[in-house]
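Student: First the structure, then my questions, so here it is.
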Amino acid sequence: MGRFIFLSSGLLVVFLSLSGADFECPSEWRPFDQHCYRAFDEPKRSADAEKFCSEQGNSGHLVSIQSKEEADFVAQLISDNIKSSPDYVWMGLWNQRREQYCSRKWTDGSNVIYKNVAERFTKNCFGLEKETEYRTWLNILCGDDYPFVCKFPPRC
């Protein structure tokens, strides 16, 4: 009976450890909360960075940030992988002007739930600001070249 309990609990540990790993990210991409992420230290304009992310496959976009935990993960990813130490890093948040109002939308189509915006300027694109260790979002000119972070849901 003792061996059965020991074997059963051992199998349970193996099962539980594997159950959280139901997806894999490609080489050089990092997993977090059911998505794959990669920081690119190749400065591009916002629209070009978004196009590049979409070409990475599987519905890729510039990063959308939905929680403080994800913001912390992305900030660490930038620190670990973008060595040029730029003032800003592109993210997938844009102001969308529609007639008399302006709304913010992620390039992946998701709604803006978590916000950490510094309201200093009124540009159309957003970047993560170096001054705040890439945790605050700032309006910046879409035509400037900056490194960027891509995100996509993995293939299961």
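Quick reminder: no glycine exception, Cβ is built from N, Cα and C everywhere.
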Student: Consult Swiss-Prot and report which candidate among Cys53, Cys102, Cys125 shares a disulfide bond with Cys150.
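Tutor: Between Cys150 and one of Cys53, Cys102, Cys125, Swiss-Prot records a disulfide, namely with Cys53.
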Student: Considering the candidates Cys102, Cys125, which is the cysteine that Swiss-Prot reports in a disulfide bond with Cys142?
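Tutor: Between Cys142 and one of Cys102, Cys125, Swiss-Prot records a disulfide, namely with Cys125.
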Student: For the disulfide-bonded residues Cys36, Cys142, Cys150, work out the Cβ neighbour count at 10 Å and name the residue with the minimum.
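Tutor: Least crowded of the disulfide-bonded residues Cys36, Cys142, Cys150, by Cβ count within 10 Å, is Cys142.
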Student: 10 Å Cβ neighbour count around Cys25 (disulfide bond)?
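Tutor: If we count other Cβ atoms within 10 Å of Cys25 (disulfide bond), we arrive at 16.
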Student: Return only the integer: C-alpha distance in Å from Cys125 (disulfide bond) to Cys36 (disulfide bond).
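Tutor: Taking the Cα atoms only, Cys125 (disulfide bond) lies 23 Å from Cys36 (disulfide bond).
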